[in-house]
Amino acid sequence: VLQSSNSLKASYEDWLLTYGLSVSPFHMRWQTALLNRQFYSWGRWKPRFLYLWFSVGMVFGIVAMFGSVILLGKTLMQTLTQMLTEAPKAQNDRMLQVVVSVLSSGLYWRVPGVNLPVSQLTYFFSAILISGVIHEVGHGVAAIREQVRFNGFGIFIFIVYPGAFVDLFTTHLQLISPVQQLRIFCAGVWHNFVLGVASLMVLLLLPAILFPFYYTGVGALVTEVAEDSPANGPRGLFVGDLVTNLQDCPVYRVEDWNSCLGDILEKSQVGYCLSAATLQQLSFPARVYRRLDGTVECCSNSSLTDICFSYSNNLDSHLHACLPARKVIEASKVCRTNMDCQKDSVPSFCVIPSLENQTRLIRVKHPPHIDMLYVGHPMHLQYTVSLSSFVPRQNFLSIDLPVVIERFCKYLISLSGALAVINAVPCFALDGQWILNSFLEATLSSLIIEKQKRELVGFLILLAGSALLAANVALGLWLVTAR
């Protein structure tokens with residue numbers, strides 16, 4: 001039985017070796033030489049251009065190495081400050097990933113947790129894989145340009161994260177000059193930066209690219225309404241609706257939608273001009289009582305159409321009336337005080353919804369449908385309604401395509417940029433380790449003659465860089481999971 005088991009194991013290992021596969025706990029990788037000819041074709045294409053290309057990348061990589069240390073140091077201080085000043089908050093359990101975000105730098109680390117929507121996992125893993133492949137293609141092409149033997153290209157999966165790698169002949173790497181090594185080691189970071197910039201350009205030029213098929217600047221197109229959204233309902237928003245106004249704030253694109261909701265939240269609730277005669281006609285006697293937060297309620301809690309409004313006249317500044325919200329708002333202009341309503345000879349009052357703190361009454365215009373009246377926190381509306389700035393010119397065109405392109409570009413910018421920054425850190429096992437070692441060999445050889453002393457300097461810097469990166473990841477993860 002033992003002999004049979006050993007034979008089966010040997011056959012299995014031979015099969016894996018034949019197909020370039022390697023399997024170990026939490027890690028699986030595949031390597032092939034089938035792409036070697038293509039890599040050699042790229043590495044020998046326009047040698048002068050590639051020399052300039054990777055020389056610029058070398059300068060960028062060195063700058064990125066120093067910049068990443070400054071960035072991580074600043075981030076660590078911000079994280080510590082945030083930990084000391086903010087109390088932990090509950091996290092939304094509808095997410096599948098933790099995102100440790102470095103708020104001021106735009107850098108994101110994503111690891112399994114609770115903070116990335118399931119619907120966006122495809123974007124996430126695709127962007128990681130593409131960023132990794134472009135990174136390794138940079139190393140491979142630069143190595144061939146510097147006459148280093150290229151053994152193969154591969155893809156791996158570590159736990160759930162996809163990535164890529166290139167297999168270079170180590171002896172050749174050790175024989176070339178430190179400057180040549182720098183061109184190779186910095187190429188991955190450089191290519192990630194270029195990929196991020198290219199994705200940003202596509203994102204910025206997307207209205208022009210899609211102009212023959214989609215137009216913009218006419219409103220925000222609803223692409224999805226979450227099932228638990230307060231915007232759901234017979235008089236709510238539906239997929240395909242075009243939102244043009246939030247209160248008196250015009251909406252021409254998604255950015256306007258977000259900006260208008262932010263302004264509505266920051267400012268006090270707007271009121272609506274109502275004539276004295278209409279006010280007397282619509283209002284009915286109601287008991288007035290104060291809520292726990294100090295605001296006033298004067299309508300029955302069971303009413304789905306009436307809202308308590310406050311207003312003032314010349315004699316009393318604390319009057320309240322329970323009014324049908326839609327009749328008050330339709331054909332009325334917004335106001336802040338009674339003075340805003342005195343343009344006509346008809347006596348009018350500025351009636352303001354009396355709502356709980358942070359709650360707003362928002363009028364959402366989406367013609368030709370009847371206006372939606374939303375009562376709640378403005379951010380709930382923002383989180384549960386997905387929109388696009390792109391409106392199809394023809395009915396057969398997908399309303400989701402521009403959203404998919406936009407979101408994928410944003411993931412590429414974020415993850416490719418993060419990969420560039422992280423790999424530039426002078427840390428053990430990252431590109432920054434080899435960039436630092438080659439940089440010290442190229443700059444300190446004449447100042448520090450003994451190689452052992454140069455290696456000691458490099459080791460101490462790598463130790464500090466590794467500790468800095470580890471502290472950022474550990475504290476960031478603790479902060480996000482605590483929140």
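Cβ coordinates are placed from backbone N, Cα and C, and glycine is handled just like the others.
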| Can you say which of 150-169, 410-429 is given as transmembrane segment in TrEMBL? | 150-169
| message | At a Cβ cut-off of 8 Å, and with pairs 6 or more apart in sequence only, do we get at least 3 pairs between the transmembrane segment (50-73) and the transmembrane segment (150-169), yes or no? | response | no
| field | Intrachain neighbours beyond the transmembrane segment (123-143), with Cβ under 8 angstroms and 6 or more residues off its ends | value | 39, 42-43, 50, 54, 57, 97, 110, 116, 150, 153, 155, 160-166, 168, 173, 183-185, 187-192, 195, 407-408, 411-412, 414-416, 419, 423
